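If you check TrEMBL, you get these features:
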DOMAIN    233-291  domain 'Sushi'
DOMAIN    358-412  domain 'Sushi'
DOMAIN    417-470  domain 'Sushi'
DOMAIN    475-535  domain 'Sushi'
DOMAIN    540-596  domain 'Sushi'
TRANSMEM  904-928  transmembrane segment
Amino acid sequence: MGASPTPSSSAQATVCGKLSDILPFASPEFKDSCQGLSFGQSCSVLCETGWDIDGDAITMLCNNTPAQSAGYGTGGLPAVNSTPPTCVAKPCAARLPNIRGATHNCENKTTLQTCTVDAALGFTSDGVATLQCGTDGEFKGSFPSIEAAVCPTPTFGIGVASTCANKTIGAECWAYCVSGYTGSSQAYSCVADSNAGGAALAPVGSAISCSARRLVDFNPSDATARRLVGAGCGEPAVAAFGLTNAYEHSCATVADTEICICHCNFGWALSGDASLLTCQDGVLTGSLPSCSPVACTYNLPSALGVTHNCSGVTTGGSCSATCGAPGFANSGSGPEVFECLATGEFQGQDPSCAPAPCENLTLASQFEHNCRGMVFQDACAVSCAEGYSLTGPPSQYICGANAIVEGALPTCAANPCSHTMSGEVFQSDSCNGVTTGSSCTVSCQQGMIPNSGEMTCHSSGLLVGTLPLCLPAQCPQTPALGAPAVAHNCENASFGQSCSVYCATGYKLTQGKGELWHCDLVNGSLALTGSLPTCEALTCSIDLNPSDSWTDNCSAELEVGESCIQSCRKGYMQNGSAESILCNSDLTVGGRRPQCQSVVCDTEQLNGQFQFLQHSCDGVTADRSCFAFCRVGFVAEQGAVEWICADGGSAALTEPVNGFALRGVIPSCVAQVCKYNIPAGDPSISHNCTNVSTDETCIVSCADGWLPRSPETGFETMYTCGSDRVLNGKPLSCTKGTTSVASVALSTTRTTTTTWTVFLRGAVKLQPLQKWPLTFKHNYLLQYFVSDPDVKPALATAIASALNVSVHSIELNVTILAADIRNAGRRLSENDTKDMILVEYACSRSFPSLALATDWASREISLEEVEASINENLASGLFQAQVLGFELEISGLPVVSEPSEPSALWVLPFAALLFLCFSFVVGSLCYAHLCRGKEAAAATAIDEEQGKTTLTEENGNANAGAIVVLEAAQVGEVRAGEVAAVVTEDLEVMLQEVGVGFDGSSESDEELNEVVEAAMDGLGFVD
């Protein structure tokens, strides 16, 4: 049994609330493990993902501070007045707006800050978009749709042609002089212009200026002749000349000898000037301009976790983006392709990336943490586990890109354990200063039978384990006590006990008194020590005249014919009358001596009246002495006391025999308190065995919420304090009916289906209340209840209906717990003086899947609600239900098939079980037997031979009348006189059958009690 004290079933630790509901810790930058802790437990506060900690995390303690702090405090301050850690928000970089034609204020925004995105001058949008910097470093929200403005097509005048129609912001075009006009070609650009409606064409350099040629230089007849002869240029000529999409031109429809212009398209950069081409006989002549593709700079892939090879990719080129950033993994279809458009924008879809998970942190037992289920950049706290003290702050760990949770361990020192082991019984020096997780050896002190056990310092600060059973060793016998003149009761004296040494039979005490000897350690060894009494042998006269048994009135010499009378002395019983002695004439003595038998003092009464004594008085005769002394297990204030079998003096201790009785002083004996094998330190056990003394008994039972491991052992066992100061009894082993989860692998070979069975087991006491309307002994009703053959079937049917299980799966045990057994050796309370009913049950139900079994079994309800519901449903109000405990188990049973994954065994809480099982106790049963009334009544007849009452099929009215009395008395509907009036007719017949008279006029409870008890006796009940 463990050394820790048994916890009180009524004391519950304070439970703290959620720290995150309390300012300043309700702010989003803080992360904690402070929820639902019990008094004395600690937790940590650190920075949430999206914030960097500047300094250290802090520790909070659940210490029952005011409610506005949810029960937490640190450094002597409640949570509301404490300083949280310093958390610095991180800047967002992923999805920073990089949109052509957009303006925003998102630079340098940090976690949870917002910014706006809108169209710049020269562009239009579908509205202002708001983005928020997420805790993962990515801007969250939708970008607006941006479109570039279109510049109006200009009118350059006569002699000017251009490529400037429908140009958008950023596009370049050229104006040139047509045939018949002279002037340099000029570049124009579509630019944003707030004064021109948002966009306008502006010359890059000088504006175009074309002038007509002189007439002397122009011969119209020659030109007409050429136009009539030569063919114009169209798409074939364009393709043949190599005008690809890198070029913009006006050469698609050109007449023979006419000119057109060619320059770089949007997305390509021109080196030099645009080229003028001439159409001659259907062929374009001239040189191509120098054009190079421009690199895209807008809409680069920038989502969280994305890497790409798009830098430097130019118009018409492509690149790929993937989840290549450290700490991220692809959660979508894979790499995405982006294309560089002529507008300088990339077109494509960002791949779907997710932070990579980290392995759960595994640390030594002195640390505790919440570093499980983390992903890249998540933070967690590492502090000291229960049983260890933190030196300095707790540590913040981060889930790194390498999938490992990393940080610096805090400094944790193991706490020392305390213990309350008795130094009188146990040698526990090695346990002094032992710390959490360490073990020590506890052995029995000198004078005990050698034994030892190992104890471990538990995180609760208490030593747990199995203490050695230390029993006092017996002292070896000493030769001095073997002397024939002395007797003693030291044969089985054990360490710490005393015994008595006195004069043996045939010897008398000449001085002093009997002596006390002690079993104690002498120079490290057990030995009996004490002084011997002074005794001398009794001498008997061999002279028969006078004798010690008879006396006479005879003179020294008798003359012939003279006679005298001889009779038994006082203290002797005479067999017959006194004898006459005659001096015969022949000088012989005639007659015979009387037959005298010594008076023996009665000792039978001593054995029942003075159970704490031992004595040597069996067979002691008149005027002889004997000795009385405390028996082993009782402490004497003096040694053996001399008693005398006498006919006078002190008060008689026994019934006199011929006036002689044992007389003397009764030794003062104090029962010794048992101190060995006390069932302490096991939280599953409850007992009242403290300070139990020799011959007293106590009850050891399963504590509230615990069940016996085996139903056959029952919930209680009785221990008795022996004379050796050792509690003796059958050990009781209890198992917890509370939340615990154990995973047990089942066979992984050839199983495809599993049947899951929910096994239910528990018990309830039905304690009679002090509400009986009559004072007759209620165990009549309890015996009737338990012995009725209809009770168990009714209980089984009700349980099956309430739990929705098969009635064939129900196993019941209904018994009476006797008050004299339960309460032996302890002070009784008001309710403890009555017997009670114990209902123990076991049942089961099978399901095709673990989910269905768990769902059915996982309903939750408190013990207080269970007991309240049971008591509410006890219709008569004569019983008070007490939930002793309950247990539920879900077991998976594999069916042989092909290989599959292992299934598991789960032990789950099921407080709702008792709510279902016992809310029917009276409503469903109606006490089974008492509801049958006259239909099941059996009559009584007197068995003359055996002198007892039995039930037969005759005289039904008699038993029916008794049941009416019981029903009326039980439900308390009528007073005593009214009961008598109601049942007079039937009861009178019944009482006549059992030989009891009744005239129907009883008005007092006392009279009615006698009637009812007689009726119960007639029904065959035994008190």
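Our numbering is plain: 1 for the first residue shown, then up by one each step along the chain.
For all residues, glycine too, the Cβ spot is worked out from N, Cα and C.
With DSSP classes pooled into helix, strand and coil, the tally for the domain 'Sushi' (417-470) is 3 helix, 21 strand, 30 coil. Summed and averaged per residue, pLDDT over the domain 'Sushi' (540-596) gives 66. Under DSSP, residues within the domain 'Sushi' (233-291) fall into helix, strand and coil as 7 helix, 26 strand, 26 coil. Secondary structure counts, DSSP: the domain 'Sushi' (475-535) has 4 helix, 30 strand, 27 coil. With helix defined as DSSP H, G or I and strand as E or B, the domain 'Sushi' (358-412) counts 0 helix, 23 strand, 32 coil.
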